[in-house]
Amino acid sequence: ICVSEMLQLPLVVTAQVDLLLVLVSLLAFWTRLSHLNYPNAVVFDEVYYGQFVSLYMKRVFFIDDSGPPLGHMILASGAYLGGFDGNFVWNRIGAEYPSTVNVWSLRLLPALCGALCVPLVYLLTLELKFSHLSALGAAVLLLLENSLIVQSRFMLLESVLIFFVLLAFFSYLRFHNAPSSWLILSGVSCGAAVGVKYMGLFSYLLLLVVASLHTWKLIGDKTISHMNVCVQSVHRVLCLVVVPVLLYVFWFYVHLSFLNRSGPHDQLMSSAFQASLQGGLSRITRGQPLEVAYGSQVTLRSSVSQPIPCWLHSHKVNYPIRYDNGRGSSHQQQVTCYPFKDVNNWWIIKDPGRQQLVVDTPPRPVRHGDVIQLVHGMTSRFLNSHDVAAPMSPHTQEVSGYIDFNVSMPAQNLWRVDISNREAESEVWKTILSEVRLIHVNTSAVLKLSGVSLPDWGFRQLEVVADKLFKAHSSSLEWTVEEHRYGTSQEQKEREAELHSPTHIDVDRKISFWAKFVELQWKMLTVKQEESEHKYSSSPLEWITMETNIAYWLHSSTNAQIHLIGNPVSWGVANLSLLAYQLLAVVYLLRRRRGLKDVPDGVWDQFVCLGCVCVGGWLVNFVPFLLMDKTLFLYHYLPALCYLYLLSPALLEHAHTHLLSSVTHQRALCVGALAVLLSIFLTYRTFCPLTYGSPELSAHQLQGLKWRDTWDILYRRR
């Protein structure tokens, strides 16, 4: 047999190319990527994300309570490709980038994601079973949306989030329409969307609802065998639930593995977490004894990180005899929680049955349930509590360094050690690892950080109390030994000198990934950065009608500037489409309830699916912001807006095909649609100078772009 017969020569390749898709893709890349390095200055939130990119480049640990780490990793990847070393101070908007910083690469990946959203919307419209003309309309709406262009062209995350959300829905609907391997891509995209920003969670949940409805319908299909139904159901659970969860954990695994150096956010984490990082606390705690023993010298850190991390502290100042409100105190030595490292943070663990304050040979470890005394290292006062109201929290007991004033106030300085995270009843108290509650023997009250600042007489340090009405699992009750050495000096003077010279004993103290993952999750959910009012912050209701804008960048000497302003015509079309769909859905439902079917069942299913994806997508990406108590900006609305741009052309096609029977009406609708598209293009061109920052406009021209009185357009008169 000859070779030509085996190969069946000539070899012919046949390919179908959607020229509309190619065209909108090329235009999307041109609008998003052209002149990407302009302006060569920090633009709005680049000052925020840039700090994290620099920390990534230096492998320094940080916490960003606004979202998971994948978004930062993507931005850092772009910076790495451009050779960025992290040595740039992100201290103000408008700061010029030096020649050593590749601005183009910093902004490349968000711009690519923003550009890819346009062809994705085109393909997604086709998967919703609408025509190529509707797909082109949806793509054009995204293509000419000024706010999406601005948000894509800088080192920001909204375009990345929108890309993964659209990819997740496209992949799922492609799988649903023609079962294939697309489902795994949908699951990966869901995991990526949630990994970029927590707002991606709402779109992910919407997709799960849609998939659940489809699966429920599948289960009821009697033409499919029981085995096939089980296999398909398990397949969907694995791809849409297990894969996203595993990926979410994986993003944090990479994040925590890569960022292994001590940084500015260390103090928010537990002592064990801090000690696992290179530098910082790990340098202090390296070589410390692991087991706390009688005679140990320790610093006790409160496990709660709000309002700020602090250490049990005392100093040679007594409580006032009377407080400003007339209540009396014990006038004994103050005990507080101090948010800085200080020699007065050191305490000595003492055996109540012995006088010595040094560690035996071999050391006698302190175990869960043991009764101890705590002696302040620098003043030798015993940690004490009694039935005297605390200064700022009168429903709790005062905690003091005991002074015998020869009055009827005996010492009550015995404390029972309760290791809350113990694995056995005989658990030994361990440095860094053990979370301990100190229970006052006489009153059963628990040593607690109240979090209230003391007045000037307490140097504004934080109040420490003993509380009987405590919650069993409150972190404000728990303390961790952070710094630890074995005491060897019995005399006070020698002991004070010893507090500055730690003992070195090699101990391996590792913390597992899962422990770090759980702690970091908790901190991200509970530790909020200080919220402050911003000049360009806005409320969600202002977004719908675009009552607000954001000045992203202003040239230092000219009128060249960039603003986050949407295309007003597109914005209006989106709102009208949302309203029209809701009204039409109500009419359809009422008439169907009366037994009147205006459209065939197949068209009705298509209409319902459109509403679930588009109207549902708008709702889940808008309504949560109404419930949030945080500083919000116009760009938070962009994911919701994209769903409405999907809705508009599809709804127009539905009206043209199924509601208008007259050819004249259909032609009038087409003419109106073309007029609106032309208006959208002209509006896009009008606002291009504020989208790209060029060409520079005169003050009079800028005034002409102020279409709403609430917009803040900046200009210099010449």
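Quick reminder: no glycine exception, Cβ is built from N, Cα and C everywhere.
Feature list (source: TrEMBL):
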DOMAIN    289-352  domain 'MIR'
DOMAIN    363-420  domain 'MIR'
DOMAIN    425-484  domain 'MIR'
TRANSMEM  6-30  transmembrane segment
TRANSMEM  106-124  transmembrane segment
TRANSMEM  130-149  transmembrane segment
TRANSMEM  156-175  transmembrane segment
TRANSMEM  195-216  transmembrane segment
TRANSMEM  237-254  transmembrane segment
TRANSMEM  569-590  transmembrane segment
TRANSMEM  602-627  transmembrane segment
TRANSMEM  633-652  transmembrane segment
TRANSMEM  668-687  transmembrane segment
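Just going by CB pairs under 8 A, the stretch in 106-124, 569-590, 602-627, 668-687 that sits most against the transmembrane segment (195-216) is 602-627. Residues in the domain 'MIR' (425-484) partition by DSSP class (helix H, G, I; strand E, B; coil) as 6 helix, 27 strand, 27 coil.
Secondary structure of the domain 'MIR' (363-420) per DSSP (helix as H, G, I; strand as E, B; remaining residues coil): 0 helix, 26 strand, 32 coil.
Per DSSP, the domain 'MIR' (289-352) is made up of 3 helix, 30 strand, 31 coil. Long-range contacts of the transmembrane segment (633-652) within its own chain (CB-CB distance under 8 A, at least 6 residues past either end) are made by residues 117, 121, 124-125, 128, 130, 133-138, 141-142, 145, 147-148, 151, 156, 158, 161-162, 165-166, 199, 203, 534, 536-538, 540, 542-544, 546, 548-550, 564, 566, 570-571, 573-575, 577-578, 580-581, 584, 610, 613-618, 621-622, 625, 669, 673. Per-residue pLDDT, averaged along the domain 'MIR' (289-352), amounts to 88 for this model. Note on the transmembrane segment (106-124): residues 20-21, 24-25, 27-29, 31-33, 36-37, 46, 50, 53, 74-75, 77-79, 81-82, 84, 135-136, 138-139, 141-143, 148-149, 151-157, 159-160, 162-164, 166-167, 169-170, 173-174, 642, 645-646 of its chain, located 6 or more positions outside it, place their CB under 8 angstroms from a CB of the stretch. The highest tally of CB pairs under 8 A with the transmembrane segment (668-687), across 156-175, 569-590, 602-627, is held by 569-590. Distant neighbours of the transmembrane segment (569-590): 141, 144-145, 544-546, 598-599, 604, 607, 610-611, 614-615, 618, 641, 644-645, 647-648, 651-652, 676, 679-680, 683; these residues of the same chain sit at least 6 beyond its ends, with a Cβ under 8 Å from one of its Cβ atoms.
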